[in-house]
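Visitor: The following feature annotations were taken from TrEMBL:
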type	residues	note
DOMAIN	156-228	domain 'Concentrative nucleoside transporter N-terminal'
DOMAIN	235-332	domain 'Nucleoside transporter/FeoB GTPase Gate'
DOMAIN	338-432	domain 'Concentrative nucleoside transporter C-terminal'
DOMAIN	433-493	domain 'Concentrative nucleoside transporter C-terminal'
TRANSMEM	54-73	transmembrane segment
TRANSMEM	79-98	transmembrane segment
TRANSMEM	123-142	transmembrane segment
TRANSMEM	148-167	transmembrane segment
TRANSMEM	179-196	transmembrane segment
TRANSMEM	228-254	transmembrane segment
TRANSMEM	311-333	transmembrane segment
TRANSMEM	395-417	transmembrane segment
TRANSMEM	437-461	transmembrane segment
TRANSMEM	473-497	transmembrane segment
Amino acid sequence: CFSAETNGLKNETNTRRNGVDNQAFEMEVCFPFFSKPINATEDYIKSHSQTFKYIVLGILGAGYVAYFIAACVLNFQRAIALVVLTSLAVVATSFELLKKYKGKSISRCFRPAVRCFKSNLRWIKWIFIVLVLVLLLLWLVLDTSKRPEQLISFGGVCMFILLLFLFSAHRTAVSWRPLFWGLGMQFCMGLFIIRTEPGLIAFEWLGNQVKVFLDYTKAGSSFVFGDLIANIFAFQALPIIVFFSSVMSVLYFLGIMQWLILKISWVMQITMGTSPTETLSVAGNIFVGQTEAPLLIRPYLKDMTKSEIHAVMTGGFATIAGSVMGAFISFGIDASSLISASVMAAPCAMAISKLSYPETEDSPFKSEKNVKVDCGNEQNILEAVSSGASASIGLVANIAANLIAFLAILAFINQALSWFGGMVGYPEVTFQIRSEIITTYALCGFANFSSLGIVIGGLSSICPSRRGDISSLVLRAMITGTCVSLINACIAGILFVPPLDCIELFKGSAFNATNEDIQTCCQKLFQSTVNNGTLTFEGSWNTVVNVTVYFSECCQCCGLNNMDICK
């Protein structure tokens, strides 16, 4: 070993060296007292690897349960987010295990019910359609009776559907199932997010968490740029894109994004009847950008139909996600509105794309069993972080250049309109948009002319053989994506109820007990009032002029003079 000792040892070495790693064998020969126990331990661990895996998982699981119980006992209010996330993980894991081990037996149990449903599908379908239409009409009549301006948004939805049908590539081939299901899913999502308290709370909480998460960017950008991040917009907002891109790359590497996208695409596929490939890509656009989502279906692009490719591109144009969403949030746009708009746009994009370019070919991807999600080429988590950061460089430069160009042009147009308006006594005429929430939904898309090059370049690099089809369909897909964003805004306009401005209401209205808005604002004022001999007001009411007058009027109009707070 050290000096090639004896001939016997040499012969043994030559004999045993066959098929054995040189370095490992030399260690065994040179250090027999150390190598043999180590080798035996390695062999034992390898042969019992499954047992050790379960032991480690059991220890980790027990540790998490102890941590979870301790967090709930110490401060349950603080641990609500942990409870929700843990519950979701438990439900998802239980569903997967149930499907894996008991899925076939459950399917057999429900087989008679499925046969009965299919045999009566025609009647059930028409009953369902009539019921939905009746409920929609009743809802529109009752809900818009107080705010008839909401009907303008409903008219906008109908107008866009009519225009897209008239300019459809194949009007006679339009399938109405994906259209009605897509718009129905979008409406139900909007109803939950905008109108219900749990939806509002959930998405506001999610938006706040995203803001907090993106603030971690400051740790890296302040180290690189120093004090410049406090004064220069580019050094505040654009590093967020780099950070977000790295995070999404890591989530892809871990398989979390693929799992989430598969579940959402499954719901869209069984309701709308679309193919697994196009549905996967459109669902992916909720979370990742227009060039990243098609990577999920990279192996299948070459065999997809034109309608499916059109749907893939429309989904990219109709949503913003990933790094671009992070950048928009850093600009000051409401995070919860952006997230909800992106979620609502996905089913609408699929529905409208099938209206604009209906399916006329036979898709080779009828079954999801033939489709597997592409997972990228990163070897470890550090490479995922690095590749995500590198991939964002072009996007950062593109956003910066477009911001400079568009803001400069908008400033010029506004000044020109103001000048022309001033000639006839209306100098305030501009392109400035006032309705912030509805505008957020309208602009929650990536449909602009600069994106045409991004889509053509991105998809063509993934699938060069379809470059001609991509180039011929991209303009139609961009226009369709724009219509999706505008329909999204119309749905938001139907559902969005502007917050009640109590101060303006008190200034301009008589205090009438039968007015529900007056009653609501008086209740808000009472909740902010402290009466311990001297009237004081908390919150925003503390700075309101004549607040004591409003308080007195509320006590008189609502018949609450006998209440302690009004005495």
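Quick reminder: no glycine exception, Cβ is built from N, Cα and C everywhere.
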Visitor: Grab the same-chain neighbours of the transmembrane segment (123-142) for me: Cβ-Cβ under 8 Å, and only residues 6 or more beyond its ends, written as numbers and ranges.
Guide: 117, 151, 154, 180, 184
Visitor: Looking only at the recorded stretches 79-98, 179-196, 473-497, which one has the largest tally of CB-CB distances under 8 Å to the transmembrane segment (148-167)?
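Guide: Stretch with the highest Cβ contact count: 473-497.
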Visitor: Tell me, roughly as an integer, the mean pLDDT over the domain 'Concentrative nucleoside transporter N-terminal' (156-228).
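Guide: Summing pLDDT over the domain 'Concentrative nucleoside transporter N-terminal' (156-228) and dividing by its length gives 85.
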Visitor: Rank 54-73, 79-98, 473-497 by Cβ pairs under 8 Å to the transmembrane segment (179-196) and hand me the top one.
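Guide: Most Cβ pairs under 8 Å with the transmembrane segment (179-196) come from 473-497.
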Visitor: Same-chain Cβ contacts of the transmembrane segment (79-98) under 8 Å, 6 or more residues past its ends?
Guide: 68, 71-72, 106, 205, 209
Visitor: Six or more residues beyond either end and a Cβ under 8 Å away: which residues meet both conditions relative to the transmembrane segment (54-73)?
Guide: 79, 82-83, 86
Visitor: For the domain 'Concentrative nucleoside transporter N-terminal' (156-228), DSSP counts of helix, strand and coil?
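Guide: Computed counts for the domain 'Concentrative nucleoside transporter N-terminal' (156-228) are 64 helix, 0 strand, 9 coil.
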Visitor: Please list the DSSP helix, strand and coil residue counts for the domain 'Concentrative nucleoside transporter C-terminal' (433-493).
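Guide: Its residues fall into 51 helix, 0 strand, 10 coil.
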